[in-house]
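Residues or ranges marked as transmembrane segment in TrEMBL: 247-270, 290-309, 330-349, 369-388, 409-436, 476-501, 532-549, 601-623, 754-776, 782-804. The domain 'Polycystin cation channel PKD1/PKD2' annotation in TrEMBL covers 396-506.
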Amino acid sequence: PAKSQQLEVLCTLLYYCKCSMSYSTLRFLVTHWEDVPLAYAGGCQGLLIDHLRHQHSPLSVLSGFMRVVRLEIADRLKVKPTVLLEDSLALFTVLMHTLLQRTQLLVREDPSLGEGYGVKLVRFKALLDFKLYQATHRTTKQREPSTLSDFRPLRVAFADNDAQFMHAPVVQDFVRLSWRGQDWLMETSKGNRPDTLAFLNPAIIHVVLCNHGLCPEWLHTMRLVSGVWHLHTFSSQAYFNSARARWVMRVLSTIVFLLLYVQVAGSLLPSWHGEAYFKGHMANDNSRSATLNLSIFLLFALGNVLETGQTLGMRTKEDAVRIVLANKTILLNLVLDLVLLAISFVFLLTSTGVCSLSELAFLRLEMVWSAMSPVLWGRALIVLIPLFSDLGPMLGTFKAMLSEVAMFAIPWAVITIGFSVALQSILGPIGLPGFYSFGENLLMLFIGFYDSVDWDSLEPLSGLGLDPEEVQAYRLYGILIFAIYSLVSTVLLGNLLIAIITNRYRPDEAKAQASLNFAEVVDYHAFQVDHFIMGSPFNIIALLTWWLPGGMRVKKAPKVFAPWAQNCLDGFVPATPHSLVLPSGRYEIPHLVYQLTLVPLMIAVSTAGFFLHLPICVGYFGVVGHKKLLSQIDAFQHTGSNARLASGGLPTFGSYNRSAAGLGARGNWFRSEQGYRDAAWMRERSVGAKSLAHAFGTTATYRSAQVATSRGNSSSQVTAESSSQASFGSGSGRSIANLELSVGQCAASAVKSAILAVVAMVLGLVAYVVIGLSLILLWSLWVWIGAVVWSLYNIATGIFSAWVDALCGVGGKLTERARVSPASASASSVKGGRQNLSAHECAMEESMERLRADRLEAAQLIDLDTLDKAIDATYGIGTAAATRMPPPKSLLKRAASQRGVRLPAGCLESLKEGDEELAP
């Protein structure tokens, strides 16, 4: 048969020639799993393991194995046995987790990752989610992987809902870093050293305040305020290009959506016009405000439907309908949004007087509207998963319990319907209250399931005018039915439901499912970043501007914005070598919306947070901070005369230099512990000895005390003691007077310190307010205005350049050429420049070259020795080290010619000539 010949040739090419494998080839091989000859590494499983050992990207190849095996198991269900495939899938899963654990250890030991979390994220992305392309247009068709090495393990895990894969430590690290964004991590690379005075440190405001004594180091809330200020001032563009920013915008829109919902329903919040909006259609004077509120809510509902359709259409394309029908959560949200949109539209038409409904019809719509409230508020919990980590396992367990309850409802409904028919058919014809209809019987039994059976419902039998024997017979029948139902439903089915729910709560699986849920949230918002789209209701703007062109542009260096006293509006380009382009034209509109909505809110939060710390910071400066600042100034004043300091035993200027050099990147002697000790030592030398001299009233005592304190000379101590005793013995009255004078001086010194503290507080208040108004507020507003103007400029220039290229008939052809053949475009580079490519296309090609180099470098982490250890740990010692003898060329050529198969060119060069006995 032709299939058997193709299978044998395929196994020969894979086993002896070590050829690469495509997805269709793997599907063919797994479909004929049991037909693979044992001569090839003991069967299909051994053949796949041997193929895995010779690939440069084992995680990608192994994820392809697992994906195809799962699909084959689903196709064989109830048709062919799947025991061998399930056993192999279990071993592949163990091997995957072993590789992930070893990868985590290798990444930790990688010395290049000391540069920051951004480099670590690049390495993780090269291993787990490497992109084959960077589309210049979001409608560019995705390129399918040509070989198994091009598979993306993270995409496969999402497709298979592999929660255990997402729960691996290396994958969790990758997801958490992706949540913050690659550009933002690189532009805040100094954040792991919080005392560094650098623009790449998000706590730079906290560092500046601490250096000047205006803020204590333990005030971590000020560090948070500094981080928010850094987000909208220095790293605004990088923050917008992260999944976290899109999530924040979604949280804000969800809050507004729920507030509008309760406002329309006339609950919790007072209505704008004084009565419920459902009644607004009957009040002509209030119709305008009702129409406004309903219109805004209608936009949110339309945005929800548009977001679901847009995401499904762009991510799944032709499989959108199948995925919606298979995913119950997406289907429920879509149906809920459609119903909400339809009812909102009817309410709007009724409020404007376009149409009119009867009171009963309007009441029914109002009931449907209000009944959706629990689902809407429950759906908001999904948005809060990144904020509350423990919420993920709880929601996962709750969802699993709901599925079990839904399955339990089928046998319960069947049994309850049977008992309801038994009651209604006998007790209904005699006119017993509560048993007239089937619905009443069903409701009574449902109440009896969770509460208790209403035994008193049989008491009215005696008042129906029946014979005593008939009454007794009907009562006995009802009691028997109620008793049997209580036994079956309440005792058996109720305990069964409790056992099912208890069995579904598995903490390990719940945590793994929580990791998958968080990864899905991150991936959902990262998809919006990659495709320049926004969530509801901002996506309506994209719907209105779909006809405008969009493109990419090259990032501008910081020096471009420096003459205008602006910050890096395109980000700090030297810190982000992997991201050299930004969107323009229509694709820049989301960034403009972000600047007009979220950035003003962040400016208000950072300013309010800064001034809320005013009492703490000013009080700290008046009590401690000014002393620290004076000590630092005093220390620098004493560094001028090195000879005098050295002769007096004081620290020399060289010691200050050593202290400053020991600070590393911080380079600030002010905040070094050695600087504090030196300044305090000098102040004790200059003030402490003088106080001692004034206390005893003689100049000789002061000089002796100074020598005794500074040099520790024993003879000087004896001289000081003798001089002190002589002075005290000659004039005790004078010593007492001097002592009283010293006490008075101490009191005066205390008053002086208090006055100094008050003055310091006033100065600290002035300095703090000046910093807050100038740096925190005014400069932030100036940078924000510049960012808005720059965004508008990029939108206009992107649209204009696209129209000019379209009119000239050049840009489209160039873009198409670069999109179809990026390899040829890369090969056309000549000494740093690329022919027939625009500037942003050259930048994108340069970024892709960097990513490819990172992928090759990351692939070297999992070498053959590491892979062999993982295989031996999974399949047994010696599995990976088994030697295999290649067949002679003559035998392979004859076998191919007999079957009429043409071998690929170059597949025989690695084989050696040998005897016929070497063939398996």
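Note that Cβ sites are derived from N, Cα and C of the backbone, with glycine treated the same way.
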Stretch with greatest number of CB pairs under 8 Å, the transmembrane segment (330-349) reference, 290-309, 369-388, 476-501 candidates = 290-309
Key: For the transmembrane segment (409-436), sequence-distant contacts whose Cβ falls under 8 Å of one of its Cβ atoms, 6 or more beyond its ends   = 442, 444-446, 449, 454, 457-458, 460-461, 464, 466, 474, 477-478, 481, 484-485, 488-489, 493
Task = Find the member of 369-388, 476-501, 532-549, 754-776 that has more C-beta pairs under 8 Å to the transmembrane segment (782-804) than any other listed stretch.
result = 532-549
Ask   = Under the DSSP assignment, what numbers of helix, strand and coil residues are found in the domain 'Polycystin cation channel PKD1/PKD2' (396-506)?
value = 91 helix, 0 strand, 20 coil
Inquiry  = Within the domain 'Polycystin cation channel PKD1/PKD2' (396-506), what mean pLDDT does the predicted structure show?
reply    = 79
Cβ-Cβ under 8 Å with the transmembrane segment (290-309): same-chain residues at least 6 beyond its ends = 253, 256-257, 260-261, 263-264, 272-273, 277, 280-281, 330, 333-334, 337-338, 340-341, 344-345, 347-348, 351-352, 535-540, 543
